[in-house]
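Accompanying notes for the structure given below.
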Amino acid sequence: MAAQTTEKLDQLDLNVQAAPTADQVPAEAEEDSDDAQDEGAAEAGAAGAGSTLADKKKKKKKPKKKSKKKGGAKVQSEPPRVPVSNLFPNGQYPEGEIVEYLNDNAYRTTNEEKRYLDRMNNDFLQEYRQGAEVHRQVRQYAQKNIKPGQTLTEIAEGIEDSVRALTGHSGLEEGDNIKGGMGFPCGLSINHCAAHYTPNAGNKMVLNEGDVMKVDFGAHLNGRIVDSAFTMTFDPVYDPLLAAVKDATNTGIREAGIDVRMSDIGAAIQEAMESYEVEINGTMHPVKCIRNLNGHNIDQHVIHGGKSVPIVKSTDQTKMEEGEVFAIETFGSTGKGYVREEMETSHYALAADAPNVPLRLSSAKNLLNLINKNFGTLPFCRRYIDRLGQDKYLLGLNNLVSSGIVQDYPPLCDIKGSYTAQYEHVCFYFGVFSTLIVY
């Protein structure tokens, strides 16, 4: 999911066709050639007519029609609805952007034993790559088609329906969403709201021309969550803000790696981010890191795995380890650079250390059963409960939250009037390709 506070811890070208080979000459050219040969044969036949059977006029050959290949190249629809497994029938998905290890980690490129052990992780990586391809195609469509005037509900449901279609998991059958689909709700946080906002049922909020919207969503296969985010604006005045945060995220990706300390990553991110400023309505604003938001590691079916990647200088001496998956994300703000919980809650998840407490409300018991069977430890929102046909569940949900069984994640906001931006990618730290793999 998009963010973790310290307090709580171009479009793929699928249309490429093979270049024409010599036997793929246009039908018209073939017919002209055959016609010329047949005319010559007819003249020779006339000169020796009646002599022998071999001298008889040759029959005019009909040009063979080239049989068309069945199926053709499969392409993605608009909106995206073709499962990526249909687009990549061999099950081999793009690797993503690769960044070579440097310095002391360069040995991973040549170590034969490391390469052998890494190949054993191929199934694990293919699940991540499939989810990454889903995310790439959906976000590319979203970036082209999100426009001012659309409601947030329309935008969120459009993204979520696309993810479900491309993973091949609608999430309507019991347990289906645990197998694949949405890794967490689609966050659409606007302006001073930095993270964890998605519309609840009945929300009428509309995206405006002057808004700065963070789009943060996850796709997963078998619990391998691909968590990536970007920021959309429609006014170039905000370009320096977006450039600052994008630069900071890319810096974090470059600095991260096996055995690197979190404090070093955070210091590099802060230096990159806070070298920018943005002018809004005649006032210069320094871009600040939102110091109580962090990146995080990701475990199977668990979006926040327990480790945090700070985006400011810190004393955290924790190291990244081989085999870990991290969401490297940064947040920049024109405000105070500190977020608090505000607005109506929409995001929830089963608490990792949920207590075993008796539930007296039948609505709470029924809802907990539904959550366990349909979401497990994956985050969900109220709209996801709605689409499963549930109603009048809010009392039970609040009871689960107050009992500590379900954790709520309210929207995280800087001061009103400020603007925030976010960029995020998932990174894998394996000797598997002796690289850092960025989605």
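Every residue, even glycine, has its Cβ placed from backbone N, Cα and C.
Swiss-Prot names D216, E424 as divalent metal cation 1 ligands; from the candidate set D227, D408, the record adds D227 to that same site. Among the candidates E324, E329, E341, the one that Swiss-Prot lists alongside D227, H296, E424 as binding divalent metal cation 2 is E329. Taking the Cα of E424 (divalent metal cation 1 binding site) as the reference point, the closest of the binding-site residues H196, H296, H304 is H296. H304 (substrate binding site) has H296 as its nearest neighbour among the binding-site residues D227, H296, E329, going by CA to CA distance. Among the listed binding-site residues, namely H196, H296, H304, the Cβ with the most fellow Cβ atoms inside 10 Å is that of H196. Cα-Cα distances to H196 (substrate binding site) place D216 within 10 Å, out of the binding-site residues D216, D227, H296, E329.
Counting only the Cα atoms, the space from E329 (divalent metal cation 2 binding site) to D227 (divalent metal cation 1 binding site) is about 9 angstrom. A distance of 14 Å separates the Cα atom of D216 (divalent metal cation 1 binding site) from that of H296 (divalent metal cation 2 binding site).
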